Amino acid sequence: GWWGVNEQQAEHINSIDLIFIARCGFVWFFLYCTVLEFSRNTTSYGIVIDAGSSRSTLFVYKWPSSRENNTGIVSQHSSCRVKGSGISGYANNPGNAGRSLKTCLEQALHDIPESSHKQTPLYLGATAGMRLLTDSKAEENVLTAVADTMRSYRFDFRGAKVLTGQEEGLFGWVTVNYLQENFIKYNWIGQWIKPRKRTVGAMDFGGASTQLTFETTKSMENPNSLMVLKLYEHEYKVYTHSYLCYGRDQVMKKVMFQMMKQQFGPQVMNPCMPTGYQTNRTLGFIYNSPCIKEERPTNISDSSIVTFIGSSNPTKCKNYLQEIFDFQSCNFSKCSFNGIYQPRLTGDFMAFSAFYYTINFLKTTLKKDITTPHELEEAAKSICGDSIEQIERLVDYCTTSLYIHILTIEGYKFNNETFKNISFQLKAGDTEVGWALGYMLNLTNIMPAEQVYLHKSQAMEAWAVLIVLFIVVVVMGVVIFIHRKPTDNAV
């Protein structure tokens, strides 16, 4: 017999062992299912469509269903560039504004797990391009068209709205500081902590507007420039201003208008364009811009053509650019330009969007670093002096680089020391810098809390406990098996 027991007893013991093993297996399976269910669906998703003046971009964000102090820990999951113009470009055909979003909305269906579609909030925020629409009916029709398209998808559509300039500036500032971990960060033992770091200012440069935003402790001479934001249970007082009509595309038109005012005739010398380059523009292209419309002459035809001929003269180009600013008017102790109040600059700044694209172009083309106002101006002059053979297809960089120099130094009042505090960036980590992430962070404040409360660290702890329990069960089984003393009934 086996260990001195007869066959009947051995079979009885084997059956007990099988029952014990089966029970262990059941316990293990139950614990596995419990942790699996506990860990499942702990990621929430949100979609923001950034409807800019020249183009739209759809961003998919994600965050743990467990939120830190009522604000989700949000990161970028994916993005999709919408083909065509910005939605404001469809003012005369609003149906196309909605249809233009379909490809990217379809992409979002693939990027987000199907089980999460109905719980995924979907928002659209339109910026300066829509703010420039003077026809309120056209604005309403475009927003209705995009809302109808977005509502037809299986997401939780929450609205399409036009952001104010202050909102655009503020949400860009939130994005910058969130990505810099100035509000909250994840430490090495899996806990969210408040780093108590100084916040960073934000500089955005889009197609139709530019924004400057930074935290300040100074009392505001103009309360309209103050915005108060509560994030992660902390209150921030932020100065922000959006300069409508001072985005890249509108600046180009304003400068062309200045040249046309001083030069009469169907041909206009353009010192901001390279020698040998010329381009034709209709009068409607320039005068129908809301930023210039008030100065439109009477009795002109929108279809009339003006030919701009490049002459590569950075000094004259800079003079034309300075004419679109008013540096004299100011009813406050300090102003930027056009009589706009601005407190003293403090701390570091991150400049993104067209700021980044322009500076990056200068650095890569000239193979030089740009850390001072003088280096920026010299780089701009170098680009402006190039001929068409050297700079074809890149004709606008002369204007934008000189414009950025004037805006930052003469407008925002950066100097040789504070200019070094500006970081020109497109992304922080894998996330693009812009207002959309800040918008998503703000919106998560009002999202209903979910029933699953599982941080990354807690998920790891749950699995660790499960493994320990499994080892304990196995060891107990072995110990019981070794120490079992069957009744000795052998003859």
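A Cβ is built for glycine as well, from the same backbone N, Cα and C atoms used for every other residue.
No curator has checked TrEMBL annotations; they are predicted automatically.
Residues or ranges marked as active site, proton acceptor in TrEMBL: E168. Over all protein chains present, the Cβ of E168 (active site, proton acceptor) has 29 other Cβ atoms lying within 10 Å.
Classification of T210 (ATP binding site) by DSSP places it within a strand. Of all Cβ atoms in the shown protein chains, 31 besides its own fall within 10 Å of the Cβ of T210 (ATP binding site). Residues annotated as ATP binding site in TrEMBL: G207, A208, S209, T210, Q211.
Here TrEMBL flags 462-482 as transmembrane segment.
Annotated pair T210 (ATP binding site) and E168 (active site, proton acceptor), C-alpha to C-alpha distance, rounded: 10 Å. Each of the binding-site residues S209, Q211 was scored by other CB atoms within 10 A of its CB, and the lowest score goes to S209. Its Cβ taken as reference, G207 (ATP binding site) is surrounded by 23 other Cβ atoms within 10 Å in the chains shown. Close to A208 (ATP binding site) in the fold, though at least 6 residues off in sequence, lie S53, S54, T127, A128, G129, R131, L132, L244, C245, G247, D249, Q250, each with a CB less than 8 Å from its CB. Straight-line distance linking the Cα atoms of Q211 (ATP binding site) and E168 (active site, proton acceptor), rounded to a whole number, equals 8 Å. Of the chain residues outside the ATP site list G207, A208, S209, T210, Q211, S53, T127, A128, E168, D204, F205, G206, S242, Y243, L244, Y246, G247, R248, Q250 have their Cβ within 8 Å of the site's Cβ mean position. Distance from the CA of E168 (active site, proton acceptor) to the CA of G207 (ATP binding site) is 13 Å.
If you take the Cα of S209 (ATP binding site) and the Cα of E168 (active site, proton acceptor), they are about 10 angstrom apart, rounded to a whole number.
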